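*Asks:* Starting off with a structure, shown below.
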Amino acid sequence: MIKAIDTIVAQATAPGRGGVGIIRISGPDVEAVAKVILGKVPKLRFAEYLSFSDQHNEVLDQGIALFFKAPNSFTGEDVLELQGHGGPVVMDMLIKAILSIKNLRGANPGEFSERAFMNDKLDLAQAEGIADLIEATSEQAAKSALHSLQGEFSEKIEQLVESLIYLRIYVEASIDFPEEEVDFLSDGKISKGLYQIIDNLEAVKKQAKQGAILRDGMKVVIAGRPNAGKSSLLNSLVGVERAIVTDIAGTTRDVMREHIHIDGMPLHIIDTAGLREGADEIEKIGIERAWQEITTADRILFMLDATTTSAEDPRQIWPDFIDKLPKSVGLTVVRNKADLTGEAFSMTENHDHPVYRISAKTGQGVDLLKEHLKDIMGYQGHTTSGFMARRRHLEAIDNAQRHLLEGKVQLEEYKAGELLAEELRLTQQYLSEITGAFSSDDLLGKIFSSFCIGK
């Protein structure tokens with residue numbers, strides 16, 4: 001347990017008027033605060049209805065007091081919670097009275113959670129789960145954040161780390177005892193253990209990607225030539241008319257963004273200017289911005305006017321566009337105006353690209369497209385949600401995976417035990433960054449400073 005010098009105080013409930021306002025105090029001088037504000041130290045883990053007074057015994061409010069003794073508290077320190085009336089003036093008066101006591105100061109953003117982390121009450125991924133639960137914008141995201149808070153993500157990472165430690169011991173034993181008759185590097189046990197870790201890490205990576213989408217949303221860019229129906233599709237997905245729609249090519253000249261949820265799954269839908277040569281200066285700027293969005297998208301909805309072509313292969317339709325796309329960006333072909341061509345509103349696969357036939361104007365086939373977007377995001381319906389993940393988690397997993405695969409090369413091609421051991425060590429180091437078992441002070445400061453004050 002890390003011993004704190006300061007005792008900190010902050011309002012734990014949101015600022016503003018409310019029926020109840022909660023003030024949280026944590027640190028070594030909590031009992032001194034209780035004696036001043038309450039006139040006594042409350043009974044441990046027992047709700048007492050008391051008056052809240054200042055140092056001059058003037059009553060400021062009355063409510064419930066809860067006292068938790070270290071280490072049995074959220075922060076692992078002595079903690080006092082005062083639950084009073086939620087008016088901003090009352091809260092401010094009470095906090096000022098508490099701050100007038102020696103060794104008290106206002107808490108920094110996320111400092112209560114940081115102290116909980118430092119005192120091993122929760123790991124870094126769980127601490128981030130608190131912030132993600134508070135900031136969740138959908139039911140699915142809230143459930144996933146709760147699973148992270150409850151340690152589901154951390155447990156998977158710890159299982160991987162334990163497997164790595166066991167494998168490292170075996171590899172390093174083969175290095176330290178070369179005189180043994182058994183060739184540890186060739187007996188199959190190391191390769192079997194390594195392949196199992198590679199498979200398990202890939203499974204966790206897939207879940208983490210879904211968790212990151214739940215937290216940050218999936219960026220879907222609608223792109224195509226002018227007058228293909230891009231703005232009509234945006235309006236249909238959003239459910240209201242956000243974009244101006246006309247028969248004039250080039251009506252959309254700038255990027256338009258809308259944030260929507262499809263069954264709790266967050267999407268950032270981006271409508272872009274029609275891509276063409278020979279546009280005027282204003283439209284050219286819009287096209288440049290469109291390409292900026294396209295290259296950073298998670299998914300491209302490639303819009304076609306079905307009345308102008310029967311082709312479905314995007315490379316056949318517009319090879320230059322496909323060549324400019326980053327390989328990491330997924331593509332879905334959308335044949336719009338199928339109501340005019342008589343095509344069935346359906347989906348087929350063509351050269352690894354799904355093709356959807358819709359009418360953005362009438363909305364026919366759009367529900368099928370929505371189901372497609374949900375599937376891409378890993379929608380799980382009413383089944384148990386996965387865990388929440390952040391971009392730093394994905395980066396750590398990517399780095400760990402890179403070193404793990406390099407270790408596989410060292411084992412299979414070179415039988416280099418020392419280099420394999422080093423790659424396993426680096427893999428473990430990156431995975432341990434996720435839970436905070438191995439993290440720099442700069443990283444911790446950046447993470448906790450993004451939390452709410454009082455958390």
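Positions of Cβ are set from backbone N, Cα and C atoms, glycine also.
Here the structure is a predicted model, which means the values were calculated and not measured.
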*Asks:* ARG24, GLU81, LYS121 bind (6S)-5-formyl-5,6,7,8-tetrahydrofolate according to Swiss-Prot; which of LYS446, LYS455 goes with them?
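*Replies:* Answer, per Swiss-Prot ((6S)-5-formyl-5,6,7,8-tetrahydrofolate site with ARG24, GLU81, LYS121), from LYS446, LYS455: LYS455.
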*Asks:* Given the binding-site residues ASN227, SER231, which one has the fewest other C-beta atoms within 10 angstroms of its C-beta?
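*Replies:* Per-residue Cβ counts within 10 Å for the binding-site residues ASN227, SER231 bottom out at ASN227.
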*Asks:* Of the binding-site residues ARG24, GLU81, LYS121, SER231, LYS455, which sits closest to LYS337 (GTP binding site) by Cα distance?
*Replies:* SER231
*Asks:* Quick one: pull the CA-CA distance for LYS121 ((6S)-5-formyl-5,6,7,8-tetrahydrofolate binding site) versus SER231 (Mg(2+) binding site), whole Å only.
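*Replies:* Counting only the Cα atoms, the answer is 50 Å.
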*Asks:* Between the binding-site residues ARG24, GLU81, LYS455, which lies closest to LYS230 (GTP binding site), Cα to Cα?
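*Replies:* Closest candidate to LYS230 (GTP binding site), judged by Cα separation, is LYS455.
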*Asks:* Compute the C-alpha separation of ASN227 (GTP binding site) from GLU81 ((6S)-5-formyl-5,6,7,8-tetrahydrofolate binding site), stating it in Å without decimals.
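*Replies:* ASN227 (GTP binding site) and GLU81 ((6S)-5-formyl-5,6,7,8-tetrahydrofolate binding site) have their Cα atoms 60 Å apart.
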*Asks:* Between the Cα atoms of ARG24 ((6S)-5-formyl-5,6,7,8-tetrahydrofolate binding site) and SER231 (Mg(2+) binding site), what distance do you get, rounded to the nearest Å?
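*Replies:* Spelling it out, the Cα of ARG24 ((6S)-5-formyl-5,6,7,8-tetrahydrofolate binding site) and the Cα of SER231 (Mg(2+) binding site) are 49 Å apart.
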*Asks:* Determine, from DSSP, whether GLU81 ((6S)-5-formyl-5,6,7,8-tetrahydrofolate binding site) sits in helix, strand or coil.
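*Replies:* Looking at the DSSP assignment, GLU81 ((6S)-5-formyl-5,6,7,8-tetrahydrofolate binding site) belongs to a strand.
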*Asks:* Between the binding-site residues GLU81, ALA273, LYS455, which lies closest to SER231 (Mg(2+) binding site), Cα to Cα?
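*Replies:* That would be ALA273, nearest by Cα distance.
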